[in-house]
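Colleague: Okay, these came from Swiss-Prot:
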- 1-21: signal peptide (SIGNAL)
- 32-58: region 'Disordered' (REGION)
- 44-362: domain 'GP-PDE' (DOMAIN)
- 120: N-linked glycosylation site (CARBOHYD)
- 239: N-linked glycosylation site (CARBOHYD)
- 260: N-linked glycosylation site (CARBOHYD)
């Protein structure tokens, strides 16, 4: 990373640690909206998966700011809750793999075992820590082969702080929050007003003015996609917000967290017809679209064609640049992978850990018009 980015990110980490009670980033006025460069809608979306987490610890403020700087159309996050009911940005329900919680001896007695999606999981869980306690933890890189120099330097951020980063960007940047593990969140966290996790999620979005159907004037001003692996959550919030929603799809052998169906059943024509009134697209694991055997691509399924025939967008996940994530056909070249998915498979957006790489590819192959 160039030095010009390092000092601002380190200074930001200090601000985040000391200003947890409010959004950290100056929110733009209504007048500023009109002067911002608009969201591009002429080519598939560059979706910053947990921020630019190929370079910086995932779901931290610097990772999101870096992704915006590199050209992300949307910054993606996972929403969970703290013990005291504050919505936070963190992918896993436990803290073990992406924070330094194990180094905090004061929390040694917080280790628990919970059943999560039908499996027993042991570790340190977000639902056993207040926001104040979570803010003392430092984020770290999930993968040991990625840059470790920023481990422990950046804290967990709240949903409000994440939104503020997008709203204060120098151009219009969309948000892509996930209603993460809603069954577990509703089991473990109880809000004083009797509301559910999904209620709190939507309330936060409304507080910041997110509304409007896909490509509407309101949506273009503050773009958003709401995502979840739990179809019941997307159906539940459908009467609360008209913001566009996408249904996430995992490996076909896995059971959904909120029903007893496998994702093989979820990708059937009948289920796509059922979910279509509630969503504008699906977000499948890429190997669900194109199966893989011995790291080689098999014959693509017809999932994209069946989704497109129903006017559903397709945003697969996750595109990573490292060799161990690239199938043999791509000869260790992420540009070949982008070309395959965007031009042969024909998807509508890519979730990537390397926003800058995808942006550079798109600018090379399909540069935006000058006004965008």
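Heads up, the Cβ atoms here are built off N, Cα and C, so glycines get one too.
What you see is a predicted model, and the numbers here were worked out from it, not measured in a lab.
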Colleague: List the same-chain residues at least 6 positions away in sequence whose Cβ sits under 8 Å from the Cβ of residue 120 (N-linked glycosylation site), in sequence order, or say none.
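Modeller: Within the chain, residue 120 (N-linked glycosylation site) has Cβ neighbours under 8 Å at 113, 114.
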Colleague: Given a separation of at least six residues and a C-beta threshold under 8 Å, show me what packs close to residue 260 (N-linked glycosylation site) in the same chain.
Modeller: none
Colleague: Going by DSSP assignments with H, G and I as helix and E and B as strand, what are the residue counts for the region 'Disordered' (32-58)?
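Modeller: Split into helix, strand and coil, the region 'Disordered' (32-58) gives 4 helix, 5 strand, 18 coil.
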Colleague: Name the residues of the same chain, 6+ apart in sequence, whose Cβ is under 8 Å from the Cβ of residue 239 (N-linked glycosylation site)?
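Modeller: In sequence order, no residue meets the Cβ cut-off.
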Colleague: Three-state secondary structure of residue 120 (N-linked glycosylation site) from DSSP?
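Modeller: It is in a strand.
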